[in-house]
């Protein structure tokens, strides 16, 4: 949290809840994938949330990652340079986010720049990178490097084609939502509180 003081009360509870969502095992998987995918001497950080954040904070690793998912000459981020200036780092992070959105990640799955730069929500950063990896595996264009089992499998379209005869038969079936004339019924039941009549 670079520019913010400590949070108190409800803000502190919310921040602690967000920090509990961070997964150290997932961090190791993501580091392994990023270093495998980038190949260009990307160093591996020490384990830990802060080290992971500092590794990604300047945006160069993220830009190298998104560029490695595109064919040669079609890289979305043209200029990648390490910088110590805050606005340059944030600009590179936002370039990665724009390129990730063009790659196919939903806007709802993308973290905000401050989530990474200030370390406010590193779990959201992990989710974005997981979605990016899963999408790269699903594309199956030969540009993904690493183990496809690191990421959840994306579902693929599976259309069903029914003949006119099958569609017509489906109209004749009475759905269970309409009710059924079999099974238990209320025949012989008495109202609540009435005594049993034994004859």
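Glycine residues also receive a Cβ, built from the backbone N, Cα and C atoms like all the rest.
Counting every protein chain shown, 6 other Cβ atoms lie within 10 Å of the Cβ of residue 171 (SUMO2 cross-link). In the three-state DSSP assignment, the secondary structure recorded for residue 171 (SUMO2 cross-link) is helix. Per Swiss-Prot, the feature SUMO2 cross-link maps to 171.
Summarising the annotation, Swiss-Prot assigns domain 'Calponin-homology (CH)' to 24-136. Secondary structure by DSSP for the domain 'Calponin-homology (CH)' (24-136): 73 helix, 0 strand, 40 coil.
Residues annotated as N-acetylalanine in Swiss-Prot, with similarity to another entry given as evidence: 2.
The phosphoserine annotation in Swiss-Prot covers 11 (among others). There are 11 other CB atoms within 10 A of the CB of residue 11 (phosphoserine), with all protein chains counted.
The Cβ neighbour count for residue 17 (N6-acetyllysine), using a 10 Å radius and every protein chain shown, is 9. According to Swiss-Prot, the feature N6-acetyllysine maps to 17 (among others).
Neighbour density for residue 20 (N6-acetyllysine): within 10 A of its CB lie 9 other CB atoms from the protein chains shown. The N6-acetyllysine annotation in Swiss-Prot covers 20 (among others), and the record cites similarity to another entry as its basis.
The phosphoserine annotation in Swiss-Prot covers 163 (among others). Counting Cβ atoms from all protein chains shown, residue 163 (phosphoserine) has 8 others lying within 10 Å of its own Cβ. A coil conformation is recorded for residue 163 (phosphoserine) in the three-state DSSP classification, outside any helix or strand.
The phosphothreonine annotation in Swiss-Prot covers 180 and is backed by similarity to another entry.
Look at Swiss-Prot and you will find 182 (among others) tagged as omega-N-methylarginine, backed by similarity to another entry.
The feature omega-N-methylarginine is assigned by Swiss-Prot to 196 (among others), with similarity to another entry given as support.
The repeat 'Calponin-like' (174-199) scores a mean pLDDT of 68 in the predicted structure. Here Swiss-Prot flags 174-199 as repeat 'Calponin-like'.
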